[in-house]
2 protein chains.
Amino acid sequence: MTATHNEMANAIRFLAVDAVQAANSGHPGMPMGMADVATVLYTKFMKFDPRKTKWADRDRFVLSAGHGSMLMYALLYLSGVEDVTMDDLRNFRQMGAKTAGHPEYGHVDGVETTTGPLGQGITTAVGMALAEKMQAARYGKDIVDHYTYVIAGDGCLMEGISQEAISMAGHMKLGKLILMWDDNEICIDGNTNLTLSDDQCARFEASQWHTQKVDGHDPVAIEAALNAARKSDKPSLIACKTTIGYGAPTKAGTHDTHGAPLGADEIKGMREGLGWHSPAFEIPQNVLEAWRSAMARNSADRDAWEGRLNKLDAATKAEFVRTDAGTLPAGWEDTLNAFKKKMAEEPPKLATRQASGKVLEVLTASIPEMIGGSADLTGSVNTKTPSTASILNTDFSGRYLHYGVREHAMSAVMNGLALHGGFIPYSGTFAVFANYMMGGIRLSALMGKRVVYVLTHDSIGLGEDGPTHQPVETLAMLRSMPNFYTMRPCDIVETAECWATALKAEKTPTGMILTRQALTPLRTTHTDENLSAKGAYVLAEAEGGARKVTLMATGSEVEIAMAARATLQSEGVPTAVVSMPCWELFDQQDAAYRASVLGEGTVKVGVEAAMRFGWDQYIGSDGGFVGMTGFGASAPAPELYKHFGITAENVVAQAKARL
Amino acid sequence: MTATHNEMANAIRFLAVDAVQAANSGHPGMPMGMADVATVLYTKFMKFDPRKTKWADRDRFVLSAGHGSMLMYALLYLSGVEDVTMDDLRNFRQMGAKTAGHPEYGHVDGVETTTGPLGQGITTAVGMALAEKMQAARYGKDIVDHYTYVIAGDGCLMEGISQEAISMAGHMKLGKLILMWDDNEICIDGNTNLTLSDDQCARFEASQWHTQKVDGHDPVAIEAALNAARKSDKPSLIACKTTIGYGAPTKAGTHDTHGAPLGADEIKGMREGLGWHSPAFEIPQNVLEAWRSAMARNSADRDAWEGRLNKLDAATKAEFVRTDAGTLPAGWEDTLNAFKKKMAEEPPKLATRQASGKVLEVLTASIPEMIGGSADLTGSVNTKTPSTASILNTDFSGRYLHYGVREHAMSAVMNGLALHGGFIPYSGTFAVFANYMMGGIRLSALMGKRVVYVLTHDSIGLGEDGPTHQPVETLAMLRSMPNFYTMRPCDIVETAECWATALKAEKTPTGMILTRQALTPLRTTHTDENLSAKGAYVLAEAEGGARKVTLMATGSEVEIAMAARATLQSEGVPTAVVSMPCWELFDQQDAAYRASVLGEGTVKVGVEAAMRFGWDQYIGSDGGFVGMTGFGASAPAPELYKHFGITAENVVAQAKARL
């Protein structure tokens, strides 16, 4: 049985409209407008086997305009992805349904990334397209050769992050990245000409993109444009001129179709206008079969690909399978442990950013899938190692991305690298600029991806650059994020332990918070156990009697706590120092361990060159705290520590005042 | 006495180089490269009276590449701003010096905005240029007619926020905004071609800018370009081709000059090469006099302007002076109080976003300098009122900015409006997108500007849009920011009080955190006192005996606390409910008040549909908490509250478990 293009596209439209109506909530306008484009893409081009949604060499599809989630779910259902049933569509946006309000990675098969926050999808797709180029450089085009398609709306293109993504994609010549822009001239406040006068094609061309304009309701033109885009060796923009809410008799072309159900009357009129006679949530058999048979073409491709994979030599195949699965190579931890032992025995006085650089030398040598980078601060954040040659637009075999001064894109591109599979991304900027990439950091956490943010210059300890560059709130901000490990090691041994923990955290991103200034090594006795993996531990127990004071600190302030302990001990006060490199991990320990570390009933003082906010959970609201109470200042670091009173003397005084 | 252009420009170069050398820290390369451009700008064009740095109609100059702060300080010193002495330059980057590592607003005269975080300066300047157009539409070109000049580097242009700014400025036809780009082809990681292939002029032209390319070391060409830019009715980009570290004999043109002192030998060679015979921190008398006399041309202009101001009718002049000073109009608070009384007496059941809309109707009617806006969510965030007509690129007399989906720019543009003077900006987006503008929010706080962020859809209460749109960490993030008021009112009366408090906070920005869903009115007895201004207060005291339980809540959860109180009271447990709309204000109250509210010795339970992070300071680490422990989900709001256990029953259970 056959079906026309219009019938196949209308199937998307009515699934979207009826599901939004049933949910009494959602965004029908975009799926209605982009149904033709999506139908051509899926039925003619997408290399996607509905029965093997995780096929490594599949084309990636990213719905950057995530509010149009019913387009995604309709495509998955019509394609024949088993995980998406008609009942799931009926339950759109209901408790426990796979069909959440926005497409959520890990929630349903076939959704490649979580979208909704605008601009993230485009940028994550840049990461996926980069990963494709990088894997192809390693395994050849027989094994890795796929496209990354994106559908984006005006909102995505208005977000600044999209410019960072466009600029980076153009520079890197990501020829297999194809962006279909839903050019419907409508935004929520009205016509886009209320806020926008950009010539988008000219803008993309300025960043070295191939561009085309096409009638987004003409399947022949769409097919021709996709063919041309695929042939270009530049990333490609297809501006698809569409009518938002296409098919709605009175609301089409207006923002009334954007974010609300159409209403029963409008839907009735739409059925009449488009000649669609099936009730809600019923797809005519010929249409469904046409969809399923169109997608069936992929299974032979996939079989052929598996044949090619099996012809690789055993070691190469094993490496592809291992890195695609995200499994770390054998032996990496022993190597790191030997390094840790050496560092404990011959402790260097280093900034933790430098310590991290040394740890990364060891890790990147033994874990080839680690991909470094920085937002134009390579020399400052110590993320480049002898193993990580620069990735160039002429050579993707390298392992280091020069992200440029594009922090927000960096976060989302790392998400894309991690989502694509095959790579473990890490990269760095100054800690205060976590602010610039919080949108991407949040998605790392929400999706549960192993992405490591190297965040250096982590306090007033950076000195003269002053308050614009001195984080005081950043630690608290990151700690308030669910499923994110905020790690702040105190010396090179803890830094090695934190890196090991971050790499083993397969479903949690990590922020590695590191100093600019040199620190005194404190972990000078080797232990095979990863003490930092417990989040907090007793670095120095009280001596000469039962513990009376517990000093808790992180990172650069642990040595201040140790100095304070020396004074208190010398005055006969049994004092312990607790190093707390990762609160989130400490909170996961059992109550007995936590109590033993925190020293119930002892006087507690926290020390951290940051706001107190969040500390009371450990020190109590009556505990002492030595840290910051506002923004920093511009001066040499030692003077700033003195000026803001973050000194051993003050720690001692805070403890004594409570004894 | 006269001096040549080169002498005048070299004065900047040597001040920069010698100050960085003395500080042993800083960024000489940019001031050296842009000295010629800056000299032409200041000596030939800048309408800036060094003796009256706050002259309302002065040209604004923004050093978006804030790391080149010595350019700013050298310009201020050479121009003759009294607040900047040679001793201040000698003390560059030292404790307590006015000459901080990056230019800081409020720290020294003549610095119009704090810069350093890249891209913020450009965008803040867009706000200033908008304010100029808006003031000119109100008072005429006799009173308001100035340019806004920006110097930006490659880093600024790579940041996504710059695209939002460029797009907005082009759309709004800000013809008096002139951006001088330091096109030196150098970024920190090396040549910009490592990361960048953009045709910047084409990019700006795509956003409707006028563009020119010029040799940034040719004063005649620079002057001609500035003349042409000033004539254009579009915003103007001047791409200034420069050599970073111009004049350094071996390091010029390399990133070695970017962020480190040149070293004594290099500086010696530079003195020889440029024929500069004065020692460090000495400017030849003829050069200094040439600078001072060039700037002296402005005093006559300023006198003439004051004459024109004085010729305005008294009411118009008074309005200009009042709004420029940031003083609120007489009577606004009485009007608001009358509204508050009415709302207490006839309490409506509204979402607090709607309540805020109603409060804004009252406020914008009586405070004409309030300028609203939203990031393309006008209908959802309720920021537009009958008093605030849209500001169009054909008519700047309106009071509402359609920022587009450009949250980050929105924050920095609001900073620019507030810094320019004459306006009080507020605008809205969803609370979770505070993530997208944290860079600008941080600068509002650091600069201490009265900017109000309306952040709606503040919890799982937004329902079906799901976890991408449901903040759980945002409250904690904002509360961890110094000098920022995070306000979360529980009904329309508290919303009115919070708005009043935000408007009176002349040196602190505010986040107004509001619900999507309707709330039960709780403040149904009028009081003239602004209870919310204390940050937290006893909404319902315990009855039938001494207080045993204190339930603390904010926003939408206060009504849950009230329901729990009803149950506990009915079971004979004297229970108080504390509403805590603003923690930061509560923390400023005296200890006795705080203790009386928190109910020392009582069982404490916090209720907030967000992470517990930060709550322990009030409830103690042994206190009860009913809220979120991770990300939300997609479903109707009432089901989500039940699913995540944010119910009165759970609050009661938490209290009872501790009795």
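The backbone N, Cα and C atoms fix where each Cβ goes, glycine too.
TrEMBL annotations: computationally assigned, not manually curated.
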Further thiamine diphosphate ligand in TrEMBL, beside B:H67, B:G116, B:P117, B:L118, B:G155, B:H258, B:F433, within candidate set B:N184, B:N193, B:N227:
B:N184
TrEMBL annotation, Mg(2+) site containing B:N184, B:I186 - matching residue among B:D154, B:D198, B:D199, B:D215:
B:D154
Between B:D154, B:E407, which of the recorded positions has its C-beta surrounded by the fewest other C-beta atoms within 10 Å?
B:D154
When C-beta separations to chain A are restricted to under 8 angstroms, which of the recorded positions B:H27, B:G116, B:G155, B:N184, B:H258, B:F433 qualify?
B:G116, B:G155, B:F433
C-beta crowding around B:H258 (thiamine diphosphate binding site), within 10 angstroms:
21
Chain residues in Cβ proximity to the transmembrane segment (B:61-80) (below 8 Å; excluding those fewer than six residues from its ends, i.e. six or more beyond):
8, 11-12, 15-16, 19-20, 26-31, 34-35, 38, 41-42, 46, 48, 50-51, 86, 88-89, 92, 99-103, 108-122, 124-125, 128, 148-153, 155-156, 182, 259, 283, 288, 291-292, 295
Once near-sequence residues are set aside, which residues in the chain of B:L118 (thiamine diphosphate binding site), 6 or more away, have Cβ atoms under 8 Å from its Cβ?
B:S64, B:A65, B:G153, B:G155, B:C156, B:M158, B:E159
So, three-state DSSP: helix, strand or coil for B:D154 (Mg(2+) binding site)?
helix
Within 10 angstroms of the C-beta of B:G155 (thiamine diphosphate binding site), what count of other C-beta atoms is obtained when all protein chains are considered?
23
Could you give the Cα-Cα distance between B:F433 (thiamine diphosphate binding site) and B:E407 (active site, proton donor), in whole Å?
7
Listed in sequence order, residues with CB under 8 A of B:H27 (site 'Important for catalytic activity') and six or more positions away:
B:V20, B:H67, B:G68, B:S69, B:M70, B:H258, B:G259
Any idea what the model's mean pLDDT is for the domain 'Transketolase-like pyrimidine-binding' (B:350-522)?
98
Can you list, in sequence order, the residues of the same chain other than B:D154, B:N184, B:I186 whose CB lies within 8 Å of the CB centroid of the Mg(2+) site?
B:G153, B:D182, B:D183, B:E185, B:C187, B:T192, B:I244, B:H255
Could you state the whole-number distance in Å separating the C-alpha atoms of B:I186 (Mg(2+) binding site) and B:G116 (thiamine diphosphate binding site)?
17
